[in-house]
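*Asks:* Have a look at this one.
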Amino acid sequence: MPQRRAAVAKDRQQVGPENREIVSLSLESGGEPRSSSVDDLYDMERHNMRIKQWRESPFAVGLTERTWWEESRKPCKPSRAYGDSELERDHTGCLCCSAWICSRLGAQRVGNMSVLKSTEELVEEVIEDEESGEIISRTFTRPVIQIVVGPFWPMLILITYPLIFAASWYTFKLIIKGNTPYVVILMWALCTVSLMVSLALTACTDPGILYKYHKPPPQDESTWRWTDQAVSYRPKRAQYDPDCAVVVEGFDHTCPWTGTAIGKRNMPYFQCFVCLVFICIFLDLYIVTLAI
């Protein structure tokens, strides 16, 4: 019996993605495959499919599970992500929410972002033929993200918006009881609504997820850099965001309050949101002061 356990241990040590082979023969089973080797083969095939999708994705993304449904089958872990394309990213609480809810909503996955609405566009690309050296053009379709939320959207829904609603409701009750000037009431209402709208636009707008480039554009070849995490070239101001697991153009930071990364395309909405936060705080304090 000890010999059998040693054989099993040896088989399991030799099975893994790094070896790319399955050793499933037992010394005492007459060469029959073990049930554990079937699981190992399934895991290896699943890992290879993840690698394939990661490399063939139209977007510059990190190595993640292919869909939210596959993510929901993994156990949740409390630690943050490693941010390394060669390592599986641990679950965060927000990632668990995305896996459980977005998989049931049918949302597509791009990195750790959840795409709620997308379309396709026709693109014509001019390239140089590697064999003949002639300039040729090819036409293909690629996805266009229209509505997307980041990995921290639960914080947006459960913390940021409730804080805004609570402060606004308290101020509204003071307006009803007090003698607030109509001009102030109008400004307060306009700024509060604009605050909520700008927050929604910041959270649901594509921050600038970069398409995958296997080669840098010829005119900008000297300024583009290779990104291992996304197996793609990127322009100078684009960076890989380990939280969102995507390369974002004009990346500034990841904002948990808005639930997403802040980049080139949603930066104007974010700046508007930040300005309106301070304006609304000032108006709320002014109305509270009048009511005292």
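Glycine is treated like the rest: Cβ placed from N, Cα and C.
Okay, so TrEMBL annotates it like this:
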type     : residues : note
REGION   : 1-20     : region 'Disordered'
COMPBIAS : 8-20     : compositional bias 'Basic and acidic residues'
TRANSMEM : 147-170  : transmembrane segment
TRANSMEM : 182-205  : transmembrane segment
DOMAIN   : 226-288  : domain 'Palmitoyltransferase DHHC'
TRANSMEM : 269-288  : transmembrane segment
*Asks:* Average pLDDT across the domain 'Palmitoyltransferase DHHC' (226-288)?
*Replies:* 95
*Asks:* When the domain 'Palmitoyltransferase DHHC' (226-288) is classified with DSSP, how many of its residues are helical, how many are strand and how many are coil?
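*Replies:* Within the domain 'Palmitoyltransferase DHHC' (226-288) the tally stands at 22 helix, 17 strand, 24 coil.
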